[in-house]
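Enquirer: According to TrEMBL, the record shows the following:
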- 10-234: domain 'CWH43-like N-terminal' (DOMAIN)
- 12-33: transmembrane segment (TRANSMEM)
- 53-73: transmembrane segment (TRANSMEM)
- 94-115: transmembrane segment (TRANSMEM)
- 121-145: transmembrane segment (TRANSMEM)
- 157-185: transmembrane segment (TRANSMEM)
Amino acid sequence: MNKITAPAHILHSIFFILFPLSFAITYFISFGFKHIQLWLPYISDTGAFPPESNWFSTLLNLCAIVFSACVFIRYLQIVNYKFNNPFAKVSNRWNIWSTVLGEMAAVGLMTVANFQETNCFYPHFTGATICIFSGSIYFILETWISFNMKEDISSTFVYYVRLILSLLTVILNVIGIISTIVSYQKVPLDVQNYNRPWLPTDKGWNAHVISACCEWGLAFSQSLMMLSFIPELQRLSISLPIITINGISLT
């Protein structure tokens, strides 16, 4: 039985489209039901109430699965590169740490998907924190790995694109943390209890908008980071393994 093969970059392409599309879908549904204001809610607010919470959970679970697979494909790519280039500067240790952090980000994203902020705030907040910070460090490590492979499978241009996106990620994280703390020190009680969305007349509104901008910026910058892997992976393909059970080969 012939092996089934597929382009290695296909999942990265799917994630690049699916991740921002998921937030766009839940944004328009939640706005249609007047659960959010038009101008920049937090991403989690777009999936806080039914029916958008059902879409939020389903789509982000799919994103988490695809992201996890993308991280593993990248791990295999670097393992293969190191095997064929034993004296390359790329460290197996960095590859392993990068993969662990990437998979942690996927678990965090799945936690965000399944624990809405209105039902289980602390698990949701913990998952979001793990997803954002683990994902950010994952992409920073991948940028470092790209630097050590830019003479072979990773081009100098791709390295600089990832470097810019990594620096942007750090900046957005710092500004996002500060603005979130400021906004939640002034948040009205009825907004905090999810009885109504943020309004421009609320105290802390400006800090809230800055925080939300950073959150959306992180989501889109990490989608672009996944897009940057496609040129490297276009030369690779993934083959499903053959499993043999009692003399019968199954692909």
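Placement of Cβ uses the backbone N, Cα and C atoms for every residue, glycine included.
All TrEMBL annotations are machine predictions without curation.
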Enquirer: Given a Cβ distance threshold of under 8 angstroms, which distant residues of the chain, six or more beyond its ends, lie next to the transmembrane segment (157-185)?
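Expert: Sequence-remote neighbours of the transmembrane segment (157-185) are 132-133, 136, 139-140, 142-143, 146-147, 150, 192, 204-205, 207-208, 210-211, 214-215, 217-218, 221-222, 224-225, 228, 231-232.
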Enquirer: Cβ under 8 Å, sequence separation of at least 6 from the ends of the transmembrane segment (94-115): give me the contacting residues as numbers and ranges.
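Expert: Contacts of the transmembrane segment (94-115) (Cβ under 8 Å, skipping residues fewer than 6 from its ends): 44, 56-61, 63-65, 67-68, 70-72, 74-75, 78-79, 82, 123-124, 126-132, 134-135, 137-138, 141-142, 144-145.
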Enquirer: What average pLDDT does the predicted model assign to the domain 'CWH43-like N-terminal' (10-234)?
Expert: 89
